[in-house]
Amino acid sequence: GGDDPRLGPCWSSLRRGDLSQVGWDQLDLVFFGVVGHGTSSVVDLGLGWYWTIGVLVDLVTPRVGIIMGSDSDLPVMKDAARILNMFGVPYEVKIVSAHRTPEMMFSYASSALERGIQIIVAGAGGAAHLPGMVAALTPLPVIGVPVRASALDGLDSLLSIVQMPRGVPVATVAINNATNAGLLAVRMMGIRDADLLARMSQYQEDTRNDVLRKAEKLEKDGWESYLNP
């Protein structure tokens, strides 16, 4: 169809397609919330071309920035994106290397506030300087996700992110625990968003009920049947 004024200037450039047709290393992923229909994703391929998956109803400003030093971090960082999807929070996902693309990192962190980003979730492994450097460049809260690298089982990543100097805080979650990073971002936004706070309360209730169901099943069936249904 024709342009829809609700969708903004990029709607005329949107082309429907399959994400698998391009490599992860070529992508600049931007995810937008879809009003009334959960969320949908738009992949910016540059030069005004986009690939979209799902039904696009309305584009909104990302509230959370998910960044990582390498595409190898994506299998971990996707868990933060899944949580934000669950809560209907619009977000963007970008590869921003503190060591290989320092200018891009500086630009991203410096412009995040004016672009409407409220929280940055940054994942990194090894030296893991990305979360701390971004926190030094923006007044926004930064949540660091230590990504387990091939050496030292992720302990180097954890210590690098958590040991920030006084005055440059980074809220650090457990190694590879991007799920908690997403949940923490939702809780932080929930302070000023009653709807998000209510959803978080429901999420907590759901997890409680899930544990109670499992406990009841174990007691009823016994451990052998529980492990071998």
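Just so you know, glycine gets a Cβ as well, placed from its N, Cα and C.
Sequence annotations record features per position, and here TrEMBL assigns domain 'PurE' to 62-211.
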As a quick check of your reading of DSSP, tell me how many residues in the domain 'PurE' (62-211) are helical, how many are strand and how many are coil.
77 helix, 25 strand, 48 coil
Local confidence of the domain 'PurE' (62-211) - pLDDT mean:
96
